[in-house]
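Annotated features in Swiss-Prot:
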BINDING   39-46, 86-90, 148-151  GTP binding site
DOMAIN    31-199  domain 'Era-type G'
DOMAIN    230-306  domain 'KH type-2'
REGION    39-46  region 'G1'
REGION    65-69  region 'G2'
REGION    86-89  region 'G3'
REGION    148-151  region 'G4'
Amino acid sequence: MTAELKVASIDNHISSLSGEVSIPQAPPEFKSGFIGIIGRPNVGKSTLMNQLVGQKIAITSPVAQTTRNRLRGIVTTPEAQLIFVDTPGIHKPHHQLGEVLVKNAKLAIESVDVVLFVVDGAVACGAGDRFIADLLIHSKTPVILGINKVDQQPPDSQKIDESYQQLASAYQWPTVKFSAKTGAELPQLQELLVEHLEHGPYYYPPDLVTDQPERFIMGELIREQILLLTREEVPHSVAIAIDLVEETPTITRVLATIHVERDSQKGILIGKGGSMLKSIGSAAREQIQKLIAGKVYLELFVKVQPKWRHSRVRLAELGYRVEE
């Protein structure tokens with residue numbers, strides 16, 4: 001089974017939950033558990049998730065708060081099954097959406113077996129890292145400090161390393177350095193995580209790499225292109241609703257609505273003569289075709305919903321709610 005087909009089979013697994021699901025019995029020494037990936041915005045949590053599972057299931061961009069939903073990535077080896085939970089970056093919220101994202105990230109800390117606290121190894125430990133560290137000391141969940149972006153460290157990185165050594169020593173956390181971008185030292189990270197897991201069952205079929213349905217990932221791939229192609233004022237005000245997915249033997253038809261808060265943002269997304277919307281659609285279509293390993297017809301619409309990020313009702317309609 002190809003990587004693309006592993007993701008494309010998600011809906012089949014989910015739709016069969018009411019019946020029998022093919023989950024084998026784990027051997028006696030098998031380990032399994034849930035690992036929460038926690039950290040400030042833009043420290044590389046989603047890039048790490050994609051590297052660990054071996055394919056793209058989480059979108060990435062230079063824009064803070066790219067991740068909005070708790071996304072699970074599943075890594076299964078002969079010895080263990082690791083379920084990684086990628087969470088929104090923890091920050092001070094400024095609206096209802098921000099509050100939902102941060103609450104979900106905090107809930108993840110209490111609902112996992114191990115916390116992987118990811119920091120940016122290209123810069124010294126800062127106030128945002130210490131804020132998260134203070135949250136973690138109130139949790140009984142074991143914590144591993146993961147220092148990412150070692151490939152981007154300056155030649156003289158001694159002070160950077162010392163700042164994280166002090167943090168790890170203060171809280172008595174084991175530490176591992178790696179690069180999510182290049183994959184360097186990720187086997188060592190995975191080995192350390194397995195050491196902290198208990199013996200347990202398969203939670204998911206061994207060939208599954210995420211528990212999210214295709215429609216969710218399609219929406220995220222569209223949002224990713226908006227983050228990459230539009231100016232700073234638009235990305236945080238965007239939500240995607242997948243209105244239709246219609247499969248035929250030759251092509252999959254996808255209709256999606258892009259929700260924004262202001263008419264000016266709608267104008268930016270459409271662009272002169274529809275040029276921006278065309279660019280977004282073309283780039284998103286390519287990514288969705290990789291996801292499902294087939295041809296896609298993608299049609300995008302833009303709708304203004306004033307202050308949707310500040311309305312609990314609107315947030316719920318668009319799929320954003322505090323997770324249990």
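Cβ coordinates come from backbone N, Cα and C, glycine included.
What Swiss-Prot annotates, mapped onto the structure for a quick look.
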residue	record	CB count, 10 Å
Gly39	GTP binding site	24
Asn42	GTP binding site	17
Lys45	GTP binding site	27
Thr87	GTP binding site	26
Val150	GTP binding site	19
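Residues in the domain 'KH type-2' (230-306) partition by DSSP class (helix H, G, I; strand E, B; coil) as 32 helix, 27 strand, 18 coil.
Residue counts for the region 'G1' (39-46) under DSSP (helix as H, G, I; strand as E, B; rest coil) come to 2 helix, 1 strand, 5 coil. Each residue in the region 'G1' (39-46) has a pLDDT score, and their mean in this model is 88. Annotation note: Thr87 (GTP binding site) sits in a coil segment as assigned by DSSP.
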